[in-house]
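Annotated features, as they stand in Swiss-Prot:
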type	residues	note
ACT_SITE	Tyr150	active site, proton acceptor
ACT_SITE	Lys154	active site, lowers pKa of active site Tyr
BINDING	Ile11, Arg118, Tyr150, Lys154, Val183	NADP(+) binding site
Amino acid sequence: MSLLQDIVLIITGSASGIGLATATAALSQGAKILGVDVSWAPVSLTEHASYKFIQANLTHEATPKQVVETCIKEFGRIDGLLNIAGIMDQNSSVDSLTDDMWERCIAINLTAPVKLMREVIPIMRQQKSGSIVNVGSKAATSGAASGVAYTASKHGLMGATKNVAWRYKQEGIRCNAVCPGGVPTGIVQASDPTTWDKDALATMSHIHQAHAADRQEGLGVEAEDIANCLLFLVSSQSKRINGAIIPVDNAWSVI
């Protein structure tokens, strides 16, 4: 029997990229999933009886509570929360950053995951079990990978991850983070390249080029690689891994 058989997961950002890869892999291993995304759910997921979906904006005040209540109504419990949804920021430096970009990045990349954790923790405490996995980035541990808003949002999420891990470690609840390298998903394509801070990008180009070289040599990180790590962290095989920040980037994080 699969280690994920019948476990119940909430997966945000499940309509594309890493979220889609994770939901697809989890379903193939017998998990029950509530997917959440601002976009429509792919037919490849909705055809599964064990997949339920909410199309919602995670920054709306009522959404986190709605997500958790729906999961309990559909499946009766919550074994794992995977906070995968996120946006980029145009690589804006602090002196080119707009208020709108700062607020959107923080709202989606930091505030929404924290509010979802706030909603699931009481249920996990009652169950005396649960695993939360937050998705970071190279920018979660470095200042030379993205713009100031994205970098701040991912650093903040790593701090929240560690705090939650420590606070609830005696209650059977774990909280970890996975930091992907440059995975080819729609997150970059969703932004307008004409608005990017090209001067800021130029200062990071040697870092980005080092990672791009891996892809050219067939060593690039794929969404499925991230999914494998995420699902390991919600499985019983990782029961003593708690508060970890795990890069999945073929050593990009050592730069």
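Think of each number as a place in line: the chain as shown, counted from 1.
The backbone N, Cα and C atoms fix where each Cβ goes, glycine too.
From a predicted model like this one, the values you see are computed outputs, not experimental measurements.
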Nonlocal neighbours by CB distance (under 8 Å) for Ile11 (NADP(+) binding site), same chain, sequence gap 6 or more: Gly19, Thr22, Ala23, Ala26, Ile33, Leu34, Gly35, Val36, Leu82, Ile84
Neighbour count (Cβ, 10 Å) for Val183 (NADP(+) binding site): 21
Most Cβ neighbours inside 10 Å, all chains, among the recorded positions Arg118, Lys154: Lys154
Between the residue listed as 'active site, proton acceptor' and Arg118 (NADP(+) binding site): CA-CA distance (Å): 22
Val183 (NADP(+) binding site) and Lys154 (active site, lowers pKa of active site Tyr), Cα-Cα, nearest whole angstrom: 16
The residue listed as 'active site, lowers pKa of active site Tyr': secondary structure state under DSSP, collapsed to three categories: helix
For Ile11 (NADP(+) binding site), the three-state class that DSSP assigns: strand
Integer Cα-Cα distance in angstrom, Tyr150 (active site, proton acceptor) to Val183 (NADP(+) binding site): 16
Other CB atoms, at most 10 A from the CB of the residue listed as 'active site, proton acceptor': 25
DSSP-derived structure type at Val183 (NADP(+) binding site), helix or strand or else coil: coil
